Each structure stands twice: as structure tokens, then as C-alpha cells.
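The block underneath contains the structure these notes are about, expressed in C-alpha cells.
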């Protein structure tokens, strides 16, 4: 026991010496529990973010280090119009570079998450492309589809964890969107529908590529895709599409913001590095992923966040008391 205490003292001394040789540690004196922090955050009036001004979505600062991206066309059931496909890309490109943001919650305003693509607004682009030459029309449509695909790929490429909070219907493009998110919560009344076959086309902006890897049950994915049937909340939970189901939207959003607060209290170097490596590992072999991880961590292991975390643990302080620098 005495030997262990001596080793711990020496390790603590070494950590303190290294910290003094770089920069001073600053601790957040607040030791509030996650639940109390989440309750306070849920009561806080959201503040609009000045550099996020959009027609189809609304971005607010839900709490410290957490942004709330809300699909904001409730009168149109949050249908995805022309502006949406452009604005969501711009939004997440900004979030990716926002050093103050550490987690994002995505939800829908009104009675449902989204009804999918706004066919009334997008019909001319898709059904009446410009030109009369088959090859040139094909090039136009390929470019159009590629731009739509980028709308959701930008979520996946954003290093900050993205939590989808789904209520009511999540139809068509909505499934493409949530498949690109990192964590999915839903309400008991939520349903999910790969709707594209009902309008005569194959889903082309991410569902067919990501959903099999999210659920891990190709037979079920094929069934949902070929029939456009609704998957209800309980089945979504059983299949792994969502990780938790809540009785209503308010309870779900409070839980999503609490989760985001918990994530944002961790080292952003560790969290964002974990997301990047999880996605890389999904698409590569174990050996390739291990090699990528080794290359990644040969620089990331030099972060002061490790020293701060170890010191807090040895001093038996709440990890939420640590102040991590922006990333």
C-alpha cells in the first residue's frame, strides 16, 4: 500500500512538473452533475448563432459547446427544398471549423422530423433537366445527385459528434440524413420510411450505402428498401437504428442535450479523434484501421489533455472539472 502511494505521488509529481514546463492548468470550479447541468440547459433560452442565417434550418447555441441544428419548415413538414440542400452543407462546414463547438443535436420543428425531399420545389430540377442531348442531361443529373449526396456526407465528415433527435415521421431523405449522424434517439411515435421506391426511384443520397452498416442486417435493409414500409420506433430500437426511445419530444430533446453536454465535457482531441477513426474503421480492414490509428495517435498522444485527465483522476476530481482548450 505504501509502495503504491509512493508511486502515485511520484507520478503526480511528474505530471505537475510537465504541466509547469508547458502551461498552467486551469480548472472549471463547477462540479455540477450531468443531470443538473442538463436540467439547467433545458431551461435556457436558445441563442441564435450570428453567422448561421438560413431559410430552411435554424441554428442556435443550446448550451456551452453545443449547437442545435433544427430543420425549420414546419408548415411544409420540414420538406427538403432547394435551399436546404445548399444550406445544410454551408452549416456543417462552418460547424466543422468552429473551435468552440464540441457536439451537435439535429432535430425537426413542428409535428415531424421531415417528410423528405420537397418534390413540388425540386420537380423541375429532377424531372425537367435543361438541354436536349442525352449525354449532357446525364452529366447534369450526375452533378446534381453528387451535390445532394454531399449534403449528408458533410455531416459524417464533421469531426464533432452529431446526435439526431427524431420525432414523428422520418421519411425518404430523412433516413439519408440520420444515417450520416453518429447517434440517433427517437420518440415512441417516430417511424422511419425508405420511401423512394414509392416515387419510382432508388434512394441515391446515402441510405443504401450507410443504412446496411448502421443496422448490420442486410435482409431487413432490403425489406425496408424494396417495400417502403414503415419501421416503427420499437423495431428501430431492436434493429440498432436508434439507441434510445423516449415518450415524447421534450423528454427526448432534454436527453439529447444532456448527452451532448456529457460529450462536450470530454477532451475534444479524444472525442473527435475517436469519431474520425470509427468512421475510417467502418470502411477499412482491421489491419488498415490499426495502422491508421497508430499514425493518428503518434501525435495525439502528446496532447496535454491526457495529463489533465490523469491528474484529475488521481486527485479524485470530477472529470467535468477539467477545462480543455478549444480545438
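Count begins at 1; order follows the chain as displayed.
Including glycine, each Cβ sits where the backbone N, Cα and C put it.
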> Need a hand: Swiss-Prot gives 115, 116, 117, 118, 119 for substrate, which of 173, 200, 206 is also on that list?
Replying inline: 173
> Which whole-number value in Å describes the distance between the Cα atoms of residue 267 (phosphoserine) and residue 326 (N6-acetyllysine)?
Replying inline: 9
> Closest to residue 118 (substrate binding site): which of the recorded positions 196, 204, 230, 316, 326, going by Cα position?
Replying inline: 196
> Helix, strand or coil at residue 115 (substrate binding site), per DSSP?
Replying inline: coil
> Of the recorded positions 117, 119, 173, 230, which sits closest to residue 204 (site 'Important for catalytic activity') by Cα distance?
Replying inline: 173
> Over the residue list 115, 116, 117, 118, 119, 173, recorded for substrate, what is the maximum interresidue Cα distance in Å?
Replying inline: 11
> residue 116 (substrate binding site) to residue 326 (N6-acetyllysine): how many Å between their Cα atoms?
Replying inline: 35
> Looking at the recorded positions 196, 230, 326, whose Cα is closest in space to that of residue 173 (substrate binding site)?
Replying inline: 196
